[in-house]
Amino acid sequence: MQPLSKLMAISKPRNLSLREQREVLRADMSWQQETNPVVETHDSEASRQKFRHFQYLKVSGPHEALSQLWELCLQWLRPEIHTKKQIIELLVLEQFLAILPEEVRTWVNLQHPNNSKDMVTLIEDVIEMLEDEDMPCKDSALQMGSIKEKMKAGSRTGKPQEPVTFKDVVVEFSKEEWGQLDSAVKNLYRNVMLENFRNLNSLRKAHLLSKPFESLKLESKKKRWIMEKEIPRKTIFDMKSISGEESSHGVIMTRLTESGHPSSDAWKGENWLYRNQKKWDINLPQEAFIPETIYTEEEDFECSENKKSFDINSVSSICAIQVGIPSRKGSPKCDKFKTYFKFNLDSVGKQHSEYEYGNDLSLSTDIRHQKSHTTMNSYECYQCGKAFCRSSSLIRHQIIHTGEKPYKCSECGRFFNRRTNLTKHQKLHAEAKACTSNKCGKAFSKSEDSNNPTLHFGNNFYQCVNCGKSFNRSSSLIRHQMIHTGEKPFKCKECSKAFNRSSNLVKHQKLHTRDKS
């Protein structure tokens, strides 16, 4: 019979029968060794996480998988420094944490208990703190942790008879009760409330997306149109079984009331719950949520780009969410276009309607207006991360990374990555041909470094045949050639003196004027 310490040191473990396991445990229960509290370090916790989340698919076979599991277990339990009692303490501590409610487990982990006894003391302190002064919400932390379990039990009985609203999952505190709570419990309360609220919000959207519509109505101020086509039952968010499945947070609901569903991004502000609590007939402490300056459903919403106004009467407009139109009620104003758009959009549907507010604009025009802002720079290069507002700009940009040069010069065979560069290059050839005149006296053949014609042309296209000096204008070349020919076409009428430049003649004539004065 081998003791537990020797079993830990075996490099290649073997499977023990149930009888052998019982004998080993019975033999090891006789130890009388003093032990110290187990303190889990960061490395120990990391090893435990690796051991618990080890995946078989990452190894080549069962032997390697068993070997790695054995190694990770040794790194976690550390049998070379921990006693047998400390190892069992680690296992019991882990299991104890696993059976606690999620919120309580999170709070206990933040306190970093050394052993299971310390953990029990922490939980008892929370219970005693909530029981002080006959608080009406006994064990509120545990009650908050069991909210989801209660909702699970209600969902197992079948489809709910009444729609589930935010009031059904809220835990209320008075101002006096809130002042008596510890800061850690307050943070826990705030996080649980926001989590439940987000669950309701997300499941509401999923239910709308999975619901088939026989007819959808779009209403404007004067007209009404009925949708002709049915939305396919299978959407990209195929959530047909949402009523019978458990969400990632353990909340099961089938539908929500319109009054219980906020706008798509309303929950981003934590004080939204406090300001809208009357809708659910609940009482929340004001101190529980940080005040922020955000829009309510009753406030106007303006397009930040050009102040165009949209009045969306449906807070659950899936089509609006997809294209980026803010799904909240309001009548914002458009100062730039002086055009108002009002429509009622209850879900995704074919766009059939026109609206008469000065101009006849279709629903697609309204959506395209906002989409022009929300989808700006929506085409991103996967190599450098640069974004563009048009797909053609992205394609032209990607040529830089690929090195492709699809534009070829028919004169010299040189390639360019942009059409504009080819056009500029071809202009050099055209000007070079014009430079083979008698004024320049030098012709450029294709054989003279045709791959780089700018060496010949550059910015100076006109070259003097006498001294080789180049000029970028023909008039400058003509004026320069007068130096070599000695020609002086500008003659003074006073003294008959001739000059090769008109500027020199003007200066000379000023001398005559000064002498006369």
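Placed from the backbone N, Cα and C atoms, the Cβ positions cover glycine too.
According to Swiss-Prot, the feature domain 'SCAN box' maps to 48-126, an assignment based on sequence analysis.
Positions annotated as domain 'KRAB' by Swiss-Prot: 164-237.
Sequence-remote contacts of a segment are chain residues at least 6 beyond its ends whose Cβ falls under 8 Å from one of its Cβ atoms, and for the zinc finger (379-401) they are 417-418. Residues annotated as zinc finger in Swiss-Prot: 379-401 (among others).
The zinc finger annotation in Swiss-Prot covers 407-429 (among others), and the record cites sequence analysis as its basis. Note on the zinc finger (407-429): mean pLDDT across this stretch is 83.
Here Swiss-Prot flags 462-484 (among others) as zinc finger.
Secondary structure of the zinc finger (490-512), assigned with DSSP and counted as helix (H, G, I), strand (E, B) and coil, comes to 11 helix, 4 strand, 8 coil. Annotation comment: Swiss-Prot describes 490-512 (among others) as zinc finger, evidence class sequence analysis.
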Helix, strand and coil residue totals from DSSP for the domain 'SCAN box' (48-126) stand at 61 helix, 0 strand, 18 coil
